[in-house]
Amino acid sequence: MGRKPVGKMYQKMNFQVDSTPNNERLHFQQEFSCKVSEGSSDRNSKHDLFPKWHLPVKVAVTLSVITFIYTFLREVLHPFVTANKNLFYKIPILVINKVLPVTSISLLTLVYLPGILAACFQLHYGTKYKRFPQWLHTWMLSRKQFGLLSFFTAVLHAIYSLSYPMRRSYRYKLLNWAYQQVKQGKENAWIEDDVWRMEIYICLGILGLALLAVLAVTSIPSVNRSLSWREFRCIQSKMGYLALLLGTLHALIFAWNKWIDINQFVWYTPPTFMLAVLLPALVLFCKTLFLLPCFNKRIQKIRCGWETDTKIDQTEMTNGF
């Protein structure tokens with residue numbers, strides 16, 4: 001009876017000794033496989049082409065395609081169907097140049113809209129420690145790319161606009177206008193309203209493009225590092241909203257009295273400039289609303305760490321850190 005327990009004890013000890021290396025080997029293999037998978041995912045993310053630009057480019061392309069189809073239906077297809085007019089020559093310059101400003105001001109609006117939404121979330125929850133939704137977090141991280149794409153499309157819009165007098169169709173139209181003026185016996189074709197409209201909206205467009213250029217330059221890493229946080233925030237926030245305001249006024253004055261012109265509503269659809277200014281006007285209105293003392297003081301207190309009396313889930317606060 002004395003040997004039997006010893007054998008069992010020996011077998012038990014032998015099992016423990018043999019199982020320990022196997023467990024260690026299995027644990028090592030699991031750690032190695034995890035590290036390999038993490039390393040491969042990191043390498044894939046590093047080798048991904050422009051990962052931060054995926055969302056902004058997709059949004060910009062989608063906006064451009066939708067605006068192009070909408071403008072094509074109104075400017076080209078409608079005259080062809082209703083009056084049998086062949087205006088397909090407008091596609092390369094005129095139609096594209098109506099797509100570019102709509103895309104530019106929409107992308108610029110998408111730069112500052114998440115800030116408005118973030119302020120609404122902070123006012124609702126009464127704290128800055130609660131995490132934003134993942135879609136809003138991703139959106140806020142892409143604001144720089146949205147702004148650069150807005151500047152790019154605005155530059156293209158300016159170049160396309162400058163090319164108007166070089167078009168052959170414009171020269172033919174100029175000759176037709178001169179012939180009609182002579183035929184009607186008009187010595188002076190000056191229209192005061194059109195002159196003021198053109199002068200004002202071109203001036204606002206130039207100023208808005210200049211501010212966008214400043215914003216684009218300050219987003220360069222070398223320039224960004226040379227600025228303090230207060231200087232960078234002043235340029236990107238204050239001048240950014242001013243650029244959005246100038247762009248909105250540029251579109252509004254371009255429309256002038258077309259808002260009440262029934263001929264602008266082709267196939268019962270509003271013109272593109274009317275759709276383009278809705279979201280920027282809403283963002284500017286909300287920004288003006290948040291500048292009022294009743295909202296501004298509360299937002300600043302929350303962003304400085306103040307919290308309301310409502311209880312906050314500690315786990316959410318931890319995740320927020």
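The backbone N, Cα and C atoms fix where each Cβ goes, and this holds for glycine too.
If you check TrEMBL, you get these features:
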- 53-73: transmembrane segment (TRANSMEM)
- 103-235: domain 'Ferric oxidoreductase' (DOMAIN)
- 105-125: transmembrane segment (TRANSMEM)
- 146-166: transmembrane segment (TRANSMEM)
- 198-220: transmembrane segment (TRANSMEM)
- 241-260: transmembrane segment (TRANSMEM)
- 272-292: transmembrane segment (TRANSMEM)
Within-chain partners of the transmembrane segment (105-125) [C-beta distance under 8 Å, separation at least 6 from its ends]: 56, 59-60, 63, 132, 136, 139-140, 143, 146-147, 149-150, 153, 212, 240-241, 243-244, 247-248, 251, 276-277, 279-280, 283, 286-287, 290, 295, 298-299, 302-303, 312
Reported mean pLDDT - the domain 'Ferric oxidoreductase' (103-235): 92
Helix, strand and coil counts within the domain 'Ferric oxidoreductase' (103-235) (DSSP): 110 helix, 0 strand, 23 coil
